[in-house]
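Feature annotations, courtesy of Swiss-Prot:
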type: REPEAT; residues: 35-68; note: repeat 'TPR 1'
type: REPEAT; residues: 72-105; note: repeat 'TPR 2'
type: REPEAT; residues: 120-153; note: repeat 'TPR 3'
Amino acid sequence: MPRSRINGNFIDKTFSIVANILLRIIPTTSGEKEAFTYYRDGMSAQSEGNYAEALQNYYEATRPEIDPYDRSYILYNIGLIHTSNGEHTKALEYYFRALERNPFLPQAFNNMAVICHYRGEQAILQGDSEIAEAWSDQAAEYWKQAIALTPGNYIEAHNWLKITRRFE
């Protein structure tokens, strides 16, 4: 049974109803409909914390989805799940892939910066200041890109860049 029929959350139900109506009235190919159905089910599973199910749906959504913009959001969401699961290398890979298709995803740059910052903090705890500095520099570059795309957002990152003298 499609996830949209079993979800009990009011907002998810409303989203599913609206999405189903739009799929019926907007001219789309069968591949686009299939991709969207998997994407919608992935979002629903992800919102409930069912990450394995969400990943399965997102991977299925990538097969028929050919639009680079839509595909970027699928890849971004896969990156989010890998981040939540602590699989940072995989997460970075999917954020990169999302940005290859849509370079205007500030949230992907932000999440990549957060991972790099975390790795820098871990390197400090391990006593490796050189590696920590490299990770922090990389985090700074990603945060600068996120901020450039959405000035006024990512205030904490902006402050961190100023405090660490990495903001130009």
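Cβ from N, Cα, C; glycine included.
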> Which residue counts does DSSP give the repeat 'TPR 1' (35-68) for helix, strand and coil?
Replying inline: 26 helix, 0 strand, 8 coil
> Using DSSP, how many residues in the repeat 'TPR 2' (72-105) fall into helix, strand and coil?
Replying inline: 27 helix, 0 strand, 7 coil
> What counts of helix, strand and coil residues does DSSP assign across the repeat 'TPR 3' (120-153)?
Replying inline: 27 helix, 0 strand, 7 coil
